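Per Swiss-Prot, the features are as follows:
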type: BINDING; residues: 5-73; note: NAD(+) binding site
type: BINDING; residues: 96, 150; note: substrate binding site
type: SITE; residues: 112; note: site 'Increases basicity of active site Tyr'
type: BINDING; residues: 172, 203; note: Mn(2+) binding site
type: ACT_SITE; residues: 258; note: active site, proton acceptor
């Protein structure tokens with residue numbers, strides 16, 4: 001790493017950026033970021049300007065010697081960067097609303113990282129991430145790209161499957177939330193060493209063991225969650241329903257809250273349909289929260305991250321991002337839960353898959369934790385199904401072909417009819433036209449047929 005530490009945040013006008021900056025300020029003594037560049041696109045400029053002003057006030061208030069820059073020119077920012085964080089949303093929140101509302105209008109779950117909605121977020125995002133990777137390879141080839149952009153698993157799979165770039169790590173806040181839940185319910189002290197055996201795919205992870213100071217307390221934790229005495233960890237954008245005792249005991253694993261979309265599909269769909277018919281979707285809630293946040297951010301007296309940001313649903317985002325960068329920069333060999341290719345360490349899945357699992361993180365990036373060599377056979381059917389969906393989705397994002405989109409939709413367990421898959425594909429490709437430039441030929445054909 002260079003003497004100066006330059007971090008570039010793509011999607012710098014995001015409402016999450018103050019949390020990221022707060023994380024850098026808190027860790028400045030061991031992670032001395034000298035330059036932070038905030039990059040956005042023309043459509044995000046008004047938000048970028050507000051975020052930049054707030055971040056400058058936060059830096060001045062903290063008294064750290066960090067230089068802050070803003071630009072719409074990604075290439076200008078990337079030159080000689082050490083770390084690049086990606087937190088972009090192609091099409092911004094209006095595109096997310098389409099991802100949620102169109103599937104719901106056909107009677108299917110509408111969610112930005114699963115099913116039809118997750119597919120179309122991936123189709124919009126993957127080509128943009130590939131463009132960023134190309135720029136990184138040219139302008140800062142030794143930089144690490146730390147990706148927070150959803151769907152993180154699909155994006156990581158696409159980068160490793162279709163590019164030669166190897167310094168890419170997909171990060172999610174869900175495992176951090178699970179870790180904080182465990183610390184809380186087991187009443188651990190800061191000095192207690194907590195190690196978690198976590199495995200699966202992004203937004204489809206399971207915990208199979210929890211070690212406190214080297215001793216397993218998983219049975220106690222599982223029993224508490226199964227019996228309902230311990231309330232399992234959830235996130236802001238998912239309705240809080242408990243998994244049944246029978247499911248938890250039969251799995252003998254702790255599933256993350258996103259698995260509600262698979263194990264409680266009927267209940268989750270009923271709740272979402274109820275919200276939809278009342279005229280609401282999660283994207284609309286988020287847009288209201290965002291509007292309020294940016295009004296707060298404009299206040300020239302505000303010099304710290306406001307507490308209201310926690311309503312946005314990105315809890316522990318800062319800890320996840322900053323600690324990953326910290327572990328690499330300082331060669332900490334610390335335990336993290338990230339998306340990477342496992343390179344054959346897991347003996348019962350293909351060697352080239354990107355997975356989300358417990359890893360050791362240091363100067364050379366992330367390596368799978370030596371303790372985890374086998375994914376639990378009980379959930380391998382579901383994992384294989386979703387990985388097939390991710391691979392098909394990443395292929396479709398590159399090809400721009402209607403039939404590749406159709407294949408991905410038909411492989412998703414959240415789409416139950418081949419006829420509906422075709423209707424969804426047509427409607428969603430046309431709805432997202434301006435954000436799917438590599439589907440231009442496909443869109444022209446669809447319009448002609450229409």
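Any Cβ shown, glycine's included, is placed from N, Cα and C.
All features noted in Swiss-Prot, drawn onto the structure.
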residue : record                       : DSSP class
23      : NAD(+) binding site          : helix
32      : NAD(+) binding site          : coil
41      : NAD(+) binding site          : coil
50      : NAD(+) binding site          : helix
59      : NAD(+) binding site          : helix
68      : NAD(+) binding site          : strand
150     : substrate binding site       : coil
172     : Mn(2+) binding site          : coil
203     : Mn(2+) binding site          : coil
258     : active site, proton acceptor : helix
Query raised in the report: Where does residue 5 (NAD(+) binding site) sit by DSSP, helix, strand or coil?
Result: coil
Query raised in the report: Between residue 50 (NAD(+) binding site) and residue 112 (site 'Increases basicity of active site Tyr'), what is the CA-CA distance rounded to a whole number of Å?
Result: 26
Query raised in the report: Nearest to residue 203 (Mn(2+) binding site) by Cα distance: which of the recorded positions 14, 23, 32, 41, 258 is it?
Result: 258
Query raised in the report: What three-state secondary structure does DSSP assign to residue 96 (substrate binding site)?
Result: helix
Query - Residue among binding-site residues 23, 41, 150 with Cα closest to the Cα of residue 172 (Mn(2+) binding site) - result: 150
Query - Candidate recorded positions 23, 41, 112, 258, pick with smallest Cα gap to residue 96 (substrate binding site) - result: 112
**Report entry** For residue 5 (NAD(+) binding site), the one of 112, 150, 258 that lies nearest, given that the recorded positions are compared by Cα
**Finding:** 150
Report summary line: Listed recorded positions 14, 68, 150, 258; those within 10 A of residue 112 (site 'Increases basicity of active site Tyr'), CA to CA, turn out to be 150
Requested in this report: Name the secondary structure element type, per DSSP in three states, that contains residue 14 (NAD(+) binding site).
Outcome: coil
Report task. Express the distance between the Cα positions of residue 150 (substrate binding site) and residue 23 (NAD(+) binding site) as a whole number of Å. Result -> 21
Report task. Express the distance between the Cα positions of residue 258 (active site, proton acceptor) and residue 23 (NAD(+) binding site) as a whole number of Å. Result -> 26
Report task. Report the same-chain neighbours of residue 41 (NAD(+) binding site): residues 6+ apart in sequence with Cβ closer than 8 Å to its Cβ, ordered by sequence. Result -> 72
